[in-house]
Structure formats: C-alpha cells, structure tokens
Amino acid sequence: MSKIPVIVIVGPTAVGKTSLSIELAKRLDGEIISGDSMQVYRGLDIGTAKITPEEMGGIKHYLIDVTDPSVPFTAAKFQSETRKAIETIHQAGKLPIIVGGTGLYIQSVFYDYDFGNASEDKAYRAKLEQLDKVILWQMLEQQDPESARQIHENNKRRVIRALEVMHLTGKPFSEYQVHNVLNDTYKPLFLGLDLDRELLYERINQRVNLMFEQGLITEAKKLYEQHLVDVPAVRGIGYKELFPYFERKSSLEEAKELIQKNSRHFAKRQLTWFRNRMDIDWIQAGVSSTESEALNKATTFLTAK
C-alpha cells in the first residue's frame, strides 16, 4: 500500500502560512486541514486570526469551527480527526494540506505519538485542581522530570493530566510521548516559513492592531460574560489579556501591549519548537519567491518516486 502524500506548512504566527496554503491548494488541487489548536472553536474568530470564508477562496477546509469553547479539543482528538480528514481528502483524489503553528498537534499526526489513554480518576483530579500550579509542577518535576521539562508550569491542565496518568498507571507520562519514527501511513513534506525577527515582530504588532479594529474587544467580552474565562479555549493569547481590562484592573492600552508581547514570545517559542523537533524544509517568507519556491519543492516532492 502506497503512502499518502501530505504537504504540511508550519511556522510562527503572522508569518504568512494561510495565504501560502491557499495558493498551493489551488495549484495542486488540494484541500486544507487547520493545524491550529484554537481555530477548532466556534466564536473564537478574531483573536485566533481564523481564516474567513472569503479568504478560503473556494478551498474546502477541515477542523475549523468544530466545537464550542466550553468543550476541550485535545491533541489526541486532533490526531484522530486529522487522520480521518487526510483519508477523506485522499479518497476524493485531492492533496491533503495541513497548515498551522501548533507543533505538538501536527507532530502527533505523523509520528507514533501515544497520549497515554488512561481512564480518569475524577476524585484524584479534583484534589489536584485545588493545588497551586507551582506546587503541581514541582510534584511533576519530582515524579517525572522529563515531562516537567516539556510542560510549562502555567499549563495547569496538562500538568494535572500527567500526574493523573502516573497515578492511574504507575508509569511516567513522558514514556507515553512521541517516538521519533514517522507513521508508515503518510509521506509528509514539512515546509516551514521563516522571516527576519524584526519584520515578524512588526507583522505581529500590526496584526494585533487589526484585531482590535475588527472587534476583538467585543469577541472577548462575550466570552467573559458567558463565564468562560477559565476554559482552555480562552486561555490562548488575545483573550485572557483583556479580562483584567473588563474588571478595571488594567487599561486597554496595557491589554493591547500585553497581547503583542505575548504573541511575540509565542512566535519565538514556535520557531524554537519546530527547529528542534521536526525535520523541516525552511523557506524565506515575505519575498517575491516565497510561493514559487514552495510550489517547486511541493511539485518535486509529489513527483518523486
């Protein structure tokens, strides 16, 4: 059985992944799967820079607006749903194209990534929920140093899950993680977009300004009024920074500057992650040859035996 070819476009936020994916889909008869952990949520449009129907240009997209913010969409769920979408697109005789910046989610599709599908212990989880995030992370560091290096202490939900898996199975959560072996089902080409740091940061700042012009405050206020401030979906950059403003604990300008700052830091982490974790063919973004270079690489990849 021949492997399914998949084009994967990755890179930091605001680098130009979306426009490139549309161009390649049009030229290569492809359909697009969003590889963004936030764009799966309905109602989170402006803050996630979600592609609009007009921007889609008639290209079918998958894993956009598939669940409500109150319902968590995990990496394991993304893995299974993306694999289904790849099969659907391939069976239709089209090219699957994944585009996004959530490295863990994308990596899980192509590598033998085991998420530790242990059952839940609600009582144990409830006990952990009462603890401070710093204490939880210290517990994880003592019990599973490798997982502690991979999971930020602010990611309380994932820290708790790691502790819960160890509690249920007696096995460190890190032992369930990625094995650096490609899944035999797929033949992926990883294309990464890179941009000069100053230009990228300028783009990020401009994007945040545009989000405010498009109505980010209204979008975030709706989530705030629905009491969704603590769900994983709205912990993403662009929403949580505005909640103190709604509570009159910060100014609007402070909130905007914090979103820009957090977005820049996030872009830096994305680049570091992709460079250290995946075998990527990098392309310079923001130049006249970006699209043609990506198309040439994709065409060569698809025609190679």
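FYI, residue positions are counted from 1 along the chain as it appears here.
Each residue, glycine too, has its Cβ placed from N, Cα and C.
Per Swiss-Prot, the listed range annotated as region 'Interaction with substrate tRNA' is 36-39 (candidates: 36-39, 172-175, 268-271). Distant neighbours of the region 'Interaction with substrate tRNA' (36-39): 47-48, 50-51, 63-65, 73, 75, 78, 100-102, 105, 233, 236; these residues of the same chain sit at least 6 beyond its ends, with a Cβ under 8 Å from one of its Cβ atoms. The Cβ of Gly16 (ATP binding site) lies under 8 Å from the Cβ of Leu193, Leu195, Ala285, Gly286, Thr290, each of these being in the same chain and 6 or more residues away along the sequence. Non-local contacts of Ala14 (ATP binding site) by the CB criterion (under 8 A, 6+ apart in sequence, same chain) comprise Ala49, Leu200, Arg203, Ile204, Arg207, Ser263, Ala267. Summarised by DSSP class, the composition of the region 'Interaction with substrate tRNA' (36-39) is 0 helix, 0 strand, 4 coil. Gly11 (ATP binding site) counts 26 other C-beta atoms within 10 Å of its own C-beta, drawing on all protein chains shown. Looking at the region 'Interaction with substrate tRNA' (36-39) alone, the prediction's average pLDDT is 94. For the recorded substrate site, residues Thr13, Ala14, Val15, Gly16, Lys17, Thr18 set the reference point as the centre of their Cβ atoms, and the other residues of that chain within 8 Å of it by Cβ are Gly11, Pro12, Ser19, Gly101, Leu193, Arg203, Ala285.
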